[in-house]
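According to TrEMBL, the compositional bias 'Basic and acidic residues' annotation covers 41-51. What TrEMBL records for 65-173 is domain 'MTTase N-terminal'. TrEMBL lists 194-426 with the feature domain 'Radical SAM core'. Sequence annotations record features per position, and here TrEMBL assigns domain 'TRAM' to 427-489. The region 'Disordered' feature in TrEMBL is assigned to 1-60. Residues annotated as transmembrane segment in TrEMBL: 577-597.
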Amino acid sequence: MEDIEDMFAGGAGGAPPGFRLPLNAVGVNPKRNTSKRSISKQKDEVTDPNRDSLAPPSMKIPGTQTIYIKTFGCSHNQSDSEYMAGQLTAFGYGLTEVPEEADLWLINTCTVKSPSQSAMSTLITRGRSGKKPLVIAGCVPQGSRDLKELEGVSVVGVQQIDRVVEIVEETLKGHEVRLLNRKTLPALDLPKVRKNNFIEILPINVGCLGACTYCKTKHARGHLGSYTVESLVERVRTVISEGVKEIWLSSEDTGAYGRDIGVNLPILLNAIVKELPSDQSTMLRIGMTNPPFILEHLKEIAAVLRHPCVYTFLHVPVQSGSDAVLTAMNREYTSGEFRTVVDTLTELVPGMQIATDIICGFPGETDEDFSQTVGLIKDYKFAQVHISQFYPRPGTPAAKMKKVQSKIVKQRSRELTCVFEAFAPYTGMEGKEERIWITEIATDGVHLVGHTKGYIQVLVSGPESMLGTSAIARITSVGRWSVFGEVIETLASTNVVTQVREETKPACTSDVSTCETCACSAESCCGEGKSGEACNVSGDITRQDHKTGEKSMTKEEEKQEVVSHWGLVDKALVCGVFVSSLTILVLIISIASRVLLRQ
C-alpha cells in the first residue's frame, strides 16, 4: 500500500528515539496556486502565509496563545494528545476546553469508522467559519493525505507529535505546515499533560502485523514498531513516582508486541509487574489484543492476569462468529481459536472479564453467518460487547466487496444489541465486599468511579479527595452497565515496597520481629501462636476508618511510630547532651573536692 512508509528512517537502525529534524529541514515554498495539486505527493513543507484559505496570522507573542485540543478515537490517540499538550504547555502555550476562547484548534483524528471522520469534518468546517487556525493530527491525515477537508490546514503525522510546537508556531504565523513522513518512534519521556492525573496511557508499540481487509488504521499507523522493554519499564517507574494509580498499556495490537525486536508480550508484562508497588496502589490494565498473537502465550498471560496488581480484564475482539466471515476479513484465526482464548483465560484466571467487538453486516455475511455470531455471544454472555455496523473505508479491500443491504445491516445490529442488552452479568454481586480503585468522577457529576480487580465499574459516593485511592466497597445494587456501592473503609497505601523486593526476601522465620524482612505475611507469622497485638506489624496497607478518617494503631505501633522518628541526627544530639551533662557533673565534683581539701 503506497500510503504505508517504513517505520524507521535509513533502514533497520533508524534514528534514535526522539530524533527531531531541524526546522530548516521543512521547506518554505513561494506563493502559488495549489488548488489542483496532489497533496498525497507532498513532502514535509510549510506553505506561504499569504494564502487566502488560511486564518490570519496571530498578533500575540509566540508561545503565549491558547490552544483547544479535541481528540477522537482510541486510548492511543488520547495518549498522543496528552503528549502534544505537554509539549505545548512546556513551551508556554495555554490550554482551554472552550473552543471559542482558543487562538488555535488542534484536532486529533480517528480513521476507524466513518462517523468519527465525519465528526472531524464538521469540526474543521466550524473552525474555518470561526477563522481559527487549524492543526489536524492523528490517523486521518496520515492515512488519507489527499482528503479534500485537509486542504489549507496544517497536518501532523502520528509519529511527528514531538514536533507539535514547531507546527503550532508556524500555523499561528499563517503558514500551512505538513509533517507526515515517519522518522522514528516518539520518545516516551516527552512532557505530558494527562487528561486524568491518575491514569497513564502507555503506548507499547505502534502499528500491527495484520492486514485486515476492512481496516484503515494500518494505512496510518503502519507496520509493527515496538518500544524496548527497558524504555517501557523506565517509563513505568517514572509515572509511579508521579502518583499514577492506573497504567493502561495501549497499542493497535498489544499481543503483537515485541515480535519486531525479538521479545514478546509476556516478557514485557513480567518486567513491568516487578515495578508495581506490592500494596496494589498502582494497577496495570493490559490493552486490546487480537487472538492470533496470544494463543501461544495464554498460560503466561494468565499468570500475569492473576497478579494482585493487574486487572483481570482483557479486550479481545472477535468481530464475527463465522469462520467464513473471518476469512473474508483476513483476521488470521477461527472462531474456535477465539473460544480457546476465552475458555483458557476464564479457567486459569479467577474472576476473569473479557470484552469483545462485533462488526455486523460485513460484505458477504449471510443469515447463517450472523446466526453463528449471535450464538457465540449467547454462549459467553460477555459483560461488554462493542457492536458496530460495517463501514467501508476508502482504500481498503473490503470497500470494493459486494455490500450487504443497509436495512439488513441495521436490522442485524439491532437484533444483536437486543440479545446483548438482555444479559445481566452483575446479578449476584449485591452484598459482596470488593476492593476497588477510584480514579474518575462519573459523568453524572455526583458519583466517583472505581473498578474492581475484574475492572467492573463501581459507582460510589464520596469526596473528590478519594480520587487516586483504593477502598473496600459493599455492593448495594447492580445495573446493566455498572454496579453501585458504598465505601466501608479506605485503604491508605505505603507505596514503598515493590514486588521484586518481596520476591527476594529470605524465607519466613516465623518471628514477628522479622516479618518485614522475610517472605511471609504477618498473618502467617501469627499462625505460630503469636498474639494478635504482636502481629500488628507494619505492612503494605493501613486500614483507615471511613467515617472518622483516623488510622487505628496499637500501643506497640505507637511506640514504634515514635521511635521511627529518631534519626541519626537526633541520636547524635542526645549523645552530645549526655556527654555534656556527664562532663559538667565531673567538674562539679572536682571543684567540690578541692574546696574541701583547702578547708
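Please read every residue number as a count from 1 along the shown chain.
Each Cβ is built from the backbone N, Cα and C atoms, and glycine gets one as well.
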Beyond the flanks of the transmembrane segment (577-597) by at least 6 residues, Cβ under 8 Å: none
For the domain 'TRAM' (427-489), report the average pLDDT of the model, please. 96
Taking helix as H, G and I and strand as E and B in DSSP, count the residues of the domain 'TRAM' (427-489) in helix, strand and coil. 3 helix, 34 strand, 26 coil
